[in-house]
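Asks: Annotation comment: TrEMBL describes 38-62, 74-93, 113-132, 152-174, 212-233, 253-271, 283-302 as transmembrane segment. Summarising the annotation, TrEMBL assigns domain 'G-protein coupled receptors family 1 profile' to 53-300.
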Amino acid sequence: MSDKERANYSDVTDFIHDSEVTDFILVGIRVRPELHSVIFLLFLFIYGMVLLGNLSMIGIIVTDPKLNTPMYFFLGNLSVIDLSYSTVIVPKAMVNILSQKKTISFVGCVAQLFLYALFMVTEAFVLAAMAYDRFTAICNPLLYSVRMSRSVCVQLVAGSYLCGWVSSILQISVTFSMTFCASRVIDHFYCDSNPIEKISCSNTFINKMVSLSLAVLIILPTIIVIVVSYMYIASTVLKIQSSEGRKKAFSTCSSHLGVVSLLYGTVSFVYLTPPNNPELRKIASVCYILLTPMLNPLIYSLRNKDVKEAVKKVLCKKDVLF
């Protein structure tokens with residue numbers, strides 16, 4: 001670490017003595033001070049793309065009657081979730097990049113962790129619901145309208161949010177029931193349970209067990225639903241005689257598979273990064289919080305014929321108006 005970086009980090013840690021006891025300090029990504037503006041502009045650009053992509057996707061799905069189907073109902077909710085968890089973290093991180101006093105209130109930290117965990121867990125279950133939707137459409141097309149009725153879709157999404165809500169309450173309950181030491185410096189750019197545990201004076205065994213249990217209860221069922229669904233889909237598609245039919249069936253799943261791979265790939269990158277390398281973990285988190293929500297709308301718009309046609313309609317209407 002250079003002398004400038006040490007001085008900058010020292011300013012952050014020294015500020016703790018002047019802060020209210022209800023404040024935390026978010027260290028952020030440790031870079032040379034002259035690079036702060038570059039990091040800010042990078043965050044601003046990617047977050048702008050997240051807003052543009054997901055709001056456009058939501059608008060297209062809501063306004064185009066042709067997209068009033070279960071798959072696009074789930075996709076619209078996925079865009080809302082992606083937009084929400086980025087918004088929970090990125091604006092505050094951008095403010096802190098340019099600020100000397102990188103504070104977040106205790107209440108703000110609790111709210112940030114709660115909402116972040118809520119949307120992350122909800123997204124995992126929504127992706128599992130989308131896999132079940134594709135399984136029903138391809139393997140049981142005659143029963144599709146019954147099994148994936150509007151009420152069933154609403155119940156699946158509501159259940160996803162309920163699971164996120166319950167897991168978030170458990171997560172923040174164990175995380176913020178800990179006693180914190182003199183230092184309140186969180187070595188991250190947002191409030192996450194792992195770096196918060198590191199500044200606690202309490203025994204974190206229960207916290208680790210709760211986090212592990214939640215991970216198993218969330219990841220295992222969703223992965224099983226996705227894997228089993230696609231095993232049946234692959235088996236059904238391979239039985240289709242025509243190559244055109246097989247291609248069409250696989251094309252309806254390719255976007256969802258791309259999003260699932262991106263999500264679980266970045267999550268694995270974040271949580272399998274060695275804990276003794278916090279800077280690499282922060283970079284991995286940037287991929288998860290910014291790049292994934294930015295790329296998801298692109299994956300669906302570039303790989304999906306219906307979305308492409310809906311975008312063309314919107315652009316044609318604009319040309320007519322002007």
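Going from the start of the chain as shown, residues are counted 1 onward.
Cβ atoms are placed via backbone N, Cα and C, with glycine included.
Predicted, not measured: the structure shown is a model, and the values here were computed from it.
Surface or core, plus neighbours and distances: that's what I need for these features.
Replies: Cβ atoms under 8 Å from those of the transmembrane segment (74-93) belong to residues 26, 28, 43, 47, 50-51, 53-55, 57-58, 61-62, 104, 108, 112, 115-116, 119-120, 122-123, 126-127, 129-130, 133, 153, 156-157, 189-190, 259, 289-290, 292-293, 296-297, 300 of the same chain, restricted to positions at least 6 beyond its ends.
For the transmembrane segment (152-174), the residues of the chain that approach it from at least six positions outside its boundaries are 70, 73-74, 77, 110, 113-115, 117-122, 125-126, 129, 132-133, 193, 206-207, 210-211, 214, 217-218, judged by C-beta separation under 8 angstroms.
Remote same-chain partners of the transmembrane segment (212-233), defined as residues 6 or more beyond its termini with a Cβ less than 8 Å from a stretch Cβ, comprise 121, 124-125, 127-128, 131-132, 134-135, 138-139, 163, 167, 170-171, 249, 253, 257, 260, 264.
Packing against the transmembrane segment (253-271) from elsewhere in the chain are residues 78, 123-124, 127, 130-131, 134, 138, 223, 226, 230, 233, 281, 284-285, 287-288, 291-292, 295-296, 299-300, 303-304: each is 6 or more residues past its ends and has a CB under 8 Å from a CB in it.
Long-range contacts of the transmembrane segment (283-302) within its own chain (CB-CB distance under 8 A, at least 6 residues past either end) are made by residues 29, 43, 46-47, 49-50, 53-54, 56-57, 75, 78-79, 82-83, 85-86, 89-90, 188-190, 192, 255, 258-259, 262-263, 266-267, 269-270, 273, 308, 311.
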Asks: In the same chain, who gets a Cβ under 8 Å from the transmembrane segment (38-62) while lying at least 6 residues past its ends?
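Replies: Residues 29, 31, 72-73, 75-76, 79-80, 82-83, 86, 90-91, 93-94, 97-98, 290-291, 293-294, 296-298, 300-301, 307, 310-311, 314 contact the transmembrane segment (38-62) from elsewhere in the chain.
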